[in-house]
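Asks: One structure, pasted below without further comment.
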Amino acid sequence: MFENLCTLPLSSELFTQTLHPTEPILAVGLSGGHVHAFRLPVEEQELDEHGDADGNGSVLSTGTSTIETEWRTRRHKGSCRTLGFSGDGGVLYSAGTDSLLKAAASATGQVISKIRIPNSNTDALDPPTLLHALSPQTLLLATDSCALHLYDLRDVSSFKSGKPAQTHYPHDDYISSLSPLPPTEMSTSGFSKQWVTTGGTTLAVTDLRRGVLVKSEDQEEELLSSVFVGGLPARGKYGREKVCVGNGNGVVTLWEKGVWDDQSERIIVDGGGKAGGESLDSMVAVPEELEGSYGGKCVVVGCGDGSVRVVRVGGMKGVVEDLKHDDIEAVVAVGFDIGGRLISGGGETVKVWQEKVEDEEEEEEEEQEDIEDHDDDVIGGSGKRTLEKDSDDSDVKADSSDEEDGGRKKRKKKKRGKKGQVGNGILGFKGME
């Protein structure tokens with residue numbers, strides 16, 4: 001379960017965000033063309049018995065730390081539409097409505113190189129929709145014209161000239177999401193060579209060498225977001241690896257890996273599965289270390305109504321937690337940093353969420369309440385059951401269960417109220433104007 005740690009105000013509307021693969025750094029792209037890099041707060045490293053740092057940092061929840069601005073710049077003329085770190089985090093790629101793709105040093109923000117995004121049909125600008133660093137050798141870039149460009153990062157001259165190594169058209173509409181498929185056991189590089197994209201009302205799979213492999217049937221509903229989830233429990237004809245896709249009507253559809261012609265399962269997230277459900281604009285898989293809190297594999301979806309929902313996609317499927325990012329603005333981006341913190345972005349704010357942890361005092365209070373509840377049941381329960389040894393005995397058990405459930409609800413409500421005093425404030429921010 002997550003609790004809100006802090007809220008980061010932005011200078012203009014958020015269009016995109018990305019998280020560093022090895023450091024607690026968040027980069028955001030804004031509607032005004034600015035790109036900001038923030039260092040998220042971490043707890044002072046605890047010392048072990050020998051006085052050495054154990055290296056395990058976590059977010060400070062005392063309200064005394066700050067989110068530091070690493071750097072900020074006006075990177076694009078027009079809005080910054082998409083961002084992505086390289087695999088090692090050394091380079092931050094950005095692309096904007098000025099049809100420029102730029103590579104910058106992530107530590108300083110200084111531009112290393114830039115190219116103009118080509119438009120194969122006309123000389124007009126072809127703004128990007130998303131980018132993804134597939135490997136140290138390959139950068140993927142999708143555009144408004146439905147093109148998917150592959151840039152070979154090993155060929156410096158090719159990258160500087162702006163000419164992509166390959167261009168594919170997997171959809172008849174712009175590409176709304178891209179999810180790499182894990183490398184096979186036979187892979188020697190360890191990097192993905194296939195990926196799933198959504199665009200319009202179809203899903204497609206593209207291979208680095210062979211191009212577009214397959215395109216799904218028309219789903220008759222807009223496909224907006226996607227993520228690959230492995231390690232699911234095998235059940236009947238369903239396998240252990242799926243791609244989860246967020247639709248425009250509040251439904252998450254599951255797609256069996258290798259069976260790409262049509263969806264296999266549907267999970268209703270909003271609106272009862274009918275037209276009018278909120279759009280599922282962004283999606284990310286919950287890290288393995290947090291799955292225990294939810295009893296199985298889960299994804300987090302950012303919704304058009306400003307809510308953030310945790311959806312279990314393995315076992316008993318459905319929404320298991322509902323968070324609120326904003327009352328109006330859609331959540332256009334969700335992600336997890338290296339510390340397992342959930343980062344949601346939408347409107348002019350970014351929110352940081354951490355796993356809810358009970359402190360020692362709360363645990364002791366709950367244990368004492370459980371003991372008192374148990375003593376009350378022992379004292380009052382035996383006489384009641386002796387008098388009612390008939391068919392009404394089942395009703396007594398049901399009433400007892402209801403009382404216990406009510407006690408739990410009261411304790412949970414009390415706990416939420418206490419933590420709410422910590423997690424809802426806006427921390428100080430260095431470098432913000």
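Every residue, even glycine, has its Cβ placed from backbone N, Cα and C.
From Swiss-Prot, for reference:
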REPEAT    9-48  repeat 'WD 1'
REPEAT    75-116  repeat 'WD 2'
REPEAT    326-363  repeat 'WD 6'
REGION    355-433  region 'Disordered'
COMPBIAS  385-400  compositional bias 'Basic and acidic residues'
COMPBIAS  408-419  compositional bias 'Basic residues'
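Help me understand the surroundings of these features in the structure.
Replies: Using DSSP to sort the residues of the repeat 'WD 2' (75-116) gives these counts of helix, strand and coil: 0 helix, 24 strand, 18 coil.
Across the repeat 'WD 6' (326-363), the prediction's mean pLDDT works out to 89.
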Asks: Sequence-remote contacts (6 or more beyond its ends) of the repeat 'WD 2' (75-116), Cβ cut-off under 8 Å?
Replies: 15-23, 25, 27-35, 37, 125-133, 135-136, 139, 141, 159-162, 191
